[in-house]
Ligand code: ACO
């Protein structure tokens, strides 16, 4: 038995492969560096859904229909009330997404894909006492999300940084949230239910919930020269360092470098970012040194979340919204995996070993 299902193969997929020993991510025949920063999120979401959704339009029409889907889900923003605003953004987005009718068709898939890009900015604006901004159907998905957040049309390299991020996290093998989405899909429950399962699983700090606390860590460390002692203290307390370690990667997570490159491209135009980047690089160096000294047998390296935190902070998202931005990209993977699982027709139903008490003998 494997407590965390390590090394258990639970699906056959054509969607993505993660080589943890060599640090290589392949998405539908493309290595990460062939798509991150080169293809738009709409194209990658289309690529992932190809062959899995009936009546899928071509890539150009898909992008146009995604714009229309952003408009179609925008009215859900009316359900953002004070009770919802008291929740963390990820829970708010999940509650709003639950209002999308369950189905297996392209229209449902597009609405689910559009939902976080529209509803997260609306939620964040309402929380700041501002009116939500409606989507612009003809804009790029990443650019439109930023416009709905800030009210300004983003510069191309700023929109490009978010696009790079969404593509980088769009799919990643059988991670916990994707597995959760596939389990639900295997019951023939519908795409909305699968995406809700993905959202619920992604939220935890061991999965997609790590980048918010990374900002708290950087703020706590403050200056590069404090990094090593801060990290030693944290590990002495038994804390885990957010943004480091991975179940599959035994080497550096290739997504970290794709995101670091995007942060560097953006930092040329920003006054605050170079200092933040310098601090993050010092924290990364110190963390690797300390982790290696403490765990020489288990190579722990930086994971996707570390530079995610820097990138999303620079784009203007508050730390408690980072996981919902992650979900904006990963929904593309969840939908494709849910359909792939559904098409097998097979219910996922593993077994457990009972170690509880046996019933007393009947007299
Ligand atoms: N900080 C300190 N110690 C760590 C860390 C870390 N970030 N990661 C692993 N370890 C320790 C474990 O506690 C374990 O120690 P032990 O043997 O003394 O109990 C040892 O290293 C080996 O751990 P693994 O079995 O390799 O790790 P596992 O596969 O269980 O965990 C995980 C992977 C959950 C990502 C872990 O590395 C972690 O908690 N990291 C911090 C949270 C984080 O960054 N999450 C985002 C992951 S990326 C993503 O999901 C999108």
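We number each residue from 1, going along the chain as drawn.
From the backbone N, Cα and C atoms, a Cβ is placed for every residue, glycine too.
Annotation source TrEMBL lists active site at 246, 305.
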Residue 246 (active site): tally of other CB atoms within 10 A of its CB: 21
Residue 305 (active site), number of other Cβ atoms within 10 Å: 28
Where residue 246 (active site) falls in three-state DSSP terms: coil
Integer Cα-Cα distance in angstrom, residue 305 (active site) to residue 246 (active site): 10
